[in-house]
């Protein structure tokens, strides 16, 4: 019987080690394929574009896009830093760039086509005015929402900038700081030269292209760096909320849409093919396990992790194929005319989503390693501890988050109109997590409310940190000590029971009770105290003790 158990354990261990080696090969291949498509140049390219368009020039601190606070600031930016950044027609020594009508931002990044500017408006009388103010206020423009959007012609009405244009089905809605924005709008493109663009922007400003109903303006353009084979897709967004003023945001995506150019790219392509073969093999293995185990399959957390990993992998493979085909079909069409705006934002947006999906996939792939190292007792300590404390942790989580969300609602209602950290409920949640970690600004809370602010802060820190967290740690330590004491008594009872605890004692070296008492470990104070506490009836007459069990007792001491 013992030989069968030993043989079965040895076979299981060999199988686990073989699966671990295969999985490590899969993981190395996955890391090569994923890390090979990213590099530091993407970050530096994003920083270069930020220097040009977002940050103010050295001469005027209010000229940058991030410093726009009104419609007048927008026109000042559009006619100044925007055109200076888009049109690099001369070198540092004033020498004219060749070829003509081509702009190279920082002399390395080719401007693809032309830039596009688009705005969305809301209609007048889209909000309710209190009757007392009817005699004072005639116009009312609400916040942006789809039903309040203005699609009628306005202004001169003889161009695309004055007529509403519906977007193509591929265009995406934009999630801004104030609302979700439609993909249509009043659109125009800038000419190929800087002088013509300046004249067109001045003409639109003089004819009030931006109105009271304007809620958002988008500036879109794309560049290509042949040195790095990277596309940079840029979207600058200026929102004009119903409160007045302006909010700015930007998205700069540096993506590699043309994937397979160099020999190294083809090597990465071979790694991607190997990855697909691994995924197909894993899917077949999991399907066989499902058929064999049926409902029992879904009771294991590792199987759920496996399904999640396979699901994200299949989605990543499908999108990679779709992206490659779509780029090859659209590239020639988008670059066919230099006088139109090539909309690479759709491809860049989904490329970034694909990168995020791959990042999550790699994360779960590394977590799965713990499935194959469970045969090691050290590796299973965390999982066994969490499983034993699951009920206590669940109870603590309910208490903690009840108090946590109660304080979040208090902060949102009391300080939401005064402090940015509490301006929304989700901001309150992140702010409170920062307080728990020690990253907070007490002056902001106190400035929002001189009485309620300090009370909120002191009570939150006391209840959430000192009472709940410290109390939980002390309870956990008490639990560990009680478990250790319980394990000690159980081991002693097992060792000195008449049956010897298990059949293994029969194969161990035989010692009498007197011989055991004379050994050094039995003369130790802690061991002797437990030996003396046992009734004489519990002490075996033949004194058959397991040497390995005694060693376990010594380690507990």
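Glycine is no exception: its Cβ is also placed from the backbone N, Cα and C atoms.
The transmembrane segment annotation in TrEMBL covers 20-40 (among others). Taking Cβ pairs closer than 8 Å, the transmembrane segment (20-40) reaches residues 256, 259, 264, 267-268, 271-272, 274-275, 278, 355, 358-359, 361-362, 365-366, 368-369, 372-373 in its own chain, all 6 or more past its ends.
What TrEMBL records for 64-258 is domain 'Polycystin'.
Here TrEMBL flags 127-140 as disulfide bond. On its own chain, residue 140 (disulfide bond) has 124, 125, 126, 127, 128, 129 as residues at least 6 apart in sequence with a Cβ closer than 8 Å to its own Cβ.
The domain 'Polycystin cation channel PKD1/PKD2' annotation in TrEMBL covers 259-469.
According to TrEMBL, the transmembrane segment annotation covers 266-284 (among others). If one looks beyond the transmembrane segment (266-284) by at least 6 residues along the same chain, the residues whose Cβ comes under 8 Å of a Cβ in the stretch are 26, 29-30, 32-33, 36-37, 259-260, 306, 310, 313-314, 317, 320.
The transmembrane segment annotation in TrEMBL covers 304-322 (among others). Sequence-distant neighbours of the transmembrane segment (304-322) (same chain, 6+ residues past either end, Cβ-Cβ under 8 Å): 272, 275-276, 279, 282-283, 286, 298, 350, 353-354, 357-358, 360-361, 364-365, 367-368, 371.
Annotation source TrEMBL lists transmembrane segment at 354-373 (among others). Within the same chain, residues 16, 19-20, 23, 26-27, 30-31, 34, 37-38, 302, 305-306, 308-309, 312-313, 315-316, 319-320, 323, 379, 383 sit at least 6 positions outside the transmembrane segment (354-373) and bring their C-beta atoms closer than 8 Å to a C-beta of that stretch.
Taking Cβ pairs closer than 8 Å, the transmembrane segment (393-415) reaches residues 386, 421-422, 424-425, 428-429, 431-432, 445, 448-449, 452-453, 456, 460, 463-464, 468, 472 in its own chain, all 6 or more past its ends. TrEMBL lists 393-415 (among others) with the feature transmembrane segment.
Residues or ranges marked as transmembrane segment by TrEMBL: 455-477 (among others).
In the predicted model, residues of the domain 'Polycystin' (64-258) average a pLDDT of 87. The local packing around residue 127 (disulfide bond), expressed as other Cβ atoms within 10 Å of its Cβ over all shown chains, amounts to 13.
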